Amino acid sequence: MADDAVFDKKKAHRAKLAGRKAEKKKKKNQVDQSNLSARQRNPKAFAIQSAVRAERQFRRREDVIAKKQHIPQVDKTPLEPPPIIVAVVGPPRVGKTTLINNLIKSFIKTNVTSTNGPITIVTSKKRRMTLIECNNDINSMIDIAKCADLVLLLCDASFGFEMEIFEFLNICQVHGMPKIMGVLTHLDMIKNAKKLKMTKKTLKHRFWTEVYSGAKLFYLSGIIHGEYLRNEIKNLSRFISVMKFRPLSWRLTHAYLLADRLEDITNQESIRKDPKTSRDVVLYGYVRGVPLMKDSAVHIAGVGDMKISELSYLPDPCPLPNSEKKRHLMERERQIYAPFSGVGGIVYDKDAVYIELKGSHSHKIEDEETNEKKALLKNVVETKETLDEQMQDTGFKLFSGGAVIYPDMLKDDEYLNHNTNNEKNKSLDESTSETESDSDNDSGIDQSEKDTDVKLPWNNNFESEDDDNDEDMDTDEKLPKNASKIDDVHSSDDDEEEEDFNIKWKEKLSEKATMAYFERQRTSRNIMKLVYGEFEIGNKTKEPEESEGQSDEEEIGGLFKKVTSTQKKKHKEKEQLDLDECSFFYSLDKPKLRDWLNEANKQLIANSFVTGKRSADEDAAELLKLDDASDGDDEMYGDFEDLETGEKHEGEQKTEENKEISSKRKAEPTKSEILNKKLKLKAKFDAEYDNPDDHRIKGDHSYYENLKAEALKQSELNKSVFENLDDGLRIEVEGFRPGLYVRMLFKNMPSEFVTNFDSSYPLLIGALNMAEQNIGFVSCKVKKHRWYKKILKTNDPLIISLGWRRFQTLPIYSKIEDDLKCRYLKYTPQHVTCNMHFYGPITPQNTGFLALQTVSNNSNEINKLGFRIAATGSVNEINKSTQIMKKLKLVGTPLKIYKKTAFIKDMFTSTLEVAKFEGARVKTVSGIRGQIKKALNKPEGAFRATFEDKILMSDIVFCRTWFKVDVTKFYAPVVNLLLPVGNKNAWEGMKTKGQLKRERNIMNDANKDSMYTEIVREPKVFKPLVIPKELQKGLPYKLKPKVKTTTLTKNNRKPSILANKVAVIKSPHEQKISNVMKMLKTNFERKVKVQKATMKERIKKHKKQQEAEEWQKIKRQKELKKKICRQLSKMSSKKQKQM
């Protein structure tokens, strides 16, 4: 048997290793390498060869990524952001106006003649732009830097960067750096190509130094027919269109506007009586920054702080195009709005819309539709009759082929005068309570008779809190029973036309009413309106209308109101309408209605509910069964044994029905499941093939990603909170959000603001937070600008630009000592920061500011100063009081000296002053320290002091003290917009004492103490050394004093030798001889002097002659050497040729 088993064993299959089938199988199992990358085909070749090199690459890649990262900020831009402000800045005559005109033409294909004030244009589907030109005034430059999102900095390349450009860049650095793009013009003035290239390179690197490395610099190569090249302007406009902006910290916390329209609404009669009267001015503009509250105070730059009297929003005068998908804007969507420049078709106001017929697109050929609109507008304007009169004379046909209906025909209608006697009292009672209710005429007929009290089928009188509430309709069913004639005076004629009219207007009345009912039912109720009420534009709530019927209601106890019979009747009717959800618009013959209590009728609408079959693959019954089955599985899954009780539990077997249902569900997947499956497969494919950098080592960026996610989540939450609110309520809660076009009314505005208005100056309106409305002492950290020529002096007037404001104040400079004491400084230190205290508006910490000494554009002053920005800095802290201490040295001289005690005079003037300084430290010039003890009776102000050592009478004693310096309360805002049109750049505030003296040619009085005088000092006579006799005994003989007299008084002075000599008196002959000898001696001395002078001249000439000869000799030697060297070089060259 065993042998049989061995023989019966079948032979194992051996797969073919060669041949056609084996090759086919190999090809089948092989991976298709045509789509694989080189790294996937040969991974070893791309492996890390050097760990050090890989580390360097990784480190560099991470550094590049880290440099690109910014701290994520919450995106607060609304869905419809305000237009971005593009400021064109530069010195005079560099082509600012030409550039603005070309940009406008590039974007909206329109020529603009004037470019005054802001010009708003629609540039793309999601972006608008406000172009504004900055004139050559430092006030305008400061205001533009505070509000601009993008700055086009123009520079004349043929001249180079001017001082205005550097001033503007410094202003931007202080107030928040916007995006800056440089534009070089006048390049066609440089004819040499090499010089042009070098100029471009030099200006580019200088621009990078001021802004940042890699800042974009555009080149406008030249002008053709008064315009820049179209290609270059198109490139510039494309860069502007795709530019992204990072919000600045100051603008993230403050709302602001750039006004683009101004209107004076002051009563003309009051202006006629007093031209200088305060004006009521309305300013318009887009809200920017954060939402603007209507009760917030604002600062108008160049005018001062103002309070908003009225604030409301208007329709957007330059709206974004609709959200349809399209590649580019249509011609009619390329809008422009510039009221100051006289451009823009429509101007909106609170209660009116002004249409300019000759708009920006007036160059187009007018079509028939435009002519028809013009004719219609002309007819409306030229109308002389009122609307009621026109309606009385106007008739209309309700149906084609029917008679013309006039308002007078309604008075003679039989239906109106039919069967109303029975309901007369009832209708009169109801009319008193419903006089103010709305009446909707569904049939289209306007009722002129309001005395009729019968409820007609087309007249729906109702009282509702909201337009969306269901209306209370009177049924046609009750009309034939209860209707009766109210008045028999109006009798109808039996003409054929009237009969036709009575028949035709009653046709299909119930169907029309039913359709109107269903139309109203489609509108959904707004719960927010029901709770909070309705809001108008301007945030004024509508006052609820009170009916006349409620005025007669009786109050019980002053709290409850008694219900009238009319209200009871209304309540019953409403309950009946709520019970029966069907149409009550019955016609006279009562149509048959469906009975919805019947099961067959119920099945017709069963699928309209949640429990029905909503679609082919979504049956509620089957889904509920599946949920029940899954719940059962969750509760008990599989077999298990309870170890505590020992009880065994067995899992329930699934029924065949559930299996069939699940298999059916699996067999027929829904569209959403198929779509999800496809998306998962696509994501898997993208992850595998679209990320070529997956093989690289990546750093951990989770922290940065988490920050980004948090900022994104917060921004989405901010947008979703107020998204579904009504506009009026949203503005009441949130404020006027950025992007809204608002109207601001200011009362009591200075008349000079309107009379001297110049649209070339920007009108910046900045909102002030609660703390910024106060004025107090501000402590700052300041540094004198290194380009400013003068040093700043304490209490010299300084113009400061801080926050939205520009104002003049008197600063005090100080330096913090080691004991945290602010020491008074007379001048600002060089290249070092110091503290500055001034009286001005309270501003948050770390807010940047800049200081100027003048804002006038006087050419002499500018040439003298050069660079106008005097200092820059930031706010340290805000205090209501300041502690600045100034050093004061009190000087005195000794009166009497007793060993280590001395009496000091001339330091104080009274005994009271001495008493205050008792115990104070004093010091002499030689460094001997002491202390004030007590005052003396005489002289007044003298005191006794003790010292470390005995002082001299010649010593000067001084006492170092500190006293508080108060900051001067001076604050004067710069009101340059109130100046006349030509002098807005010549604002002058408080002048320094030096300026006043220079203007009046007043010379300073010389200080005698400061003048240099000759100092005469008598030689000090020291007393001779006196050795006591006891010491003399012990001294050797040679050291003992030999002179007995020790004093130098006149009485004891040693007699001189000349005192014993006798005087010699010469005879006349001897005197003559002595005189002759003196004359001879004088003559000889003169002769010797002349000889010496001639000798010097001769020696001088001789030396000159010798030097000339020496020079000639050297010159001859040089010539000879040259000849010799020349001969030697010739000879050496010949030798080399021969070799």
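For all residues, glycine too, the Cβ spot is worked out from N, Cα and C.
Under the heading region 'Disordered', TrEMBL lists 1-43 (among others).
Among the features that TrEMBL reports, compositional bias 'Basic residues' is placed at 10-28.
Residues or ranges marked as compositional bias 'Polar residues' by TrEMBL: 31-40.
Annotation source TrEMBL lists domain 'Bms1-type G' at 81-246. A mean pLDDT of 92 is what the model gives for the domain 'Bms1-type G' (81-246).
Taken from TrEMBL, the feature region 'Disordered' covers 416-500 (among others).
As annotated by TrEMBL, compositional bias 'Basic and acidic residues' applies to 416-429 (among others).
The feature compositional bias 'Acidic residues' is assigned by TrEMBL to 431-443 (among others).
Among the features that TrEMBL reports, compositional bias 'Acidic residues' is placed at 463-475 (among others).
Summarising the annotation, TrEMBL assigns compositional bias 'Basic and acidic residues' to 476-492 (among others).
Residues or ranges marked as region 'Disordered' in TrEMBL: 538-560 (among others).
The compositional bias 'Acidic residues' annotation in TrEMBL covers 545-556 (among others).
Under the heading region 'Disordered', TrEMBL lists 626-669 (among others).
Among the features that TrEMBL reports, compositional bias 'Acidic residues' is placed at 629-644 (among others).
Among the features that TrEMBL reports, compositional bias 'Basic and acidic residues' is placed at 645-669 (among others).
If you look at the compositional bias 'Basic residues' (10-28), there are no same-chain residues 6 or more away from its ends with a CB under 8 A from one of its CBs.
According to DSSP, the compositional bias 'Polar residues' (31-40) comprises 3 helix, 0 strand, 7 coil.
Within the compositional bias 'Basic residues' (10-28), the DSSP-based counts of helix, strand and coil residues read 9 helix, 0 strand, 10 coil.
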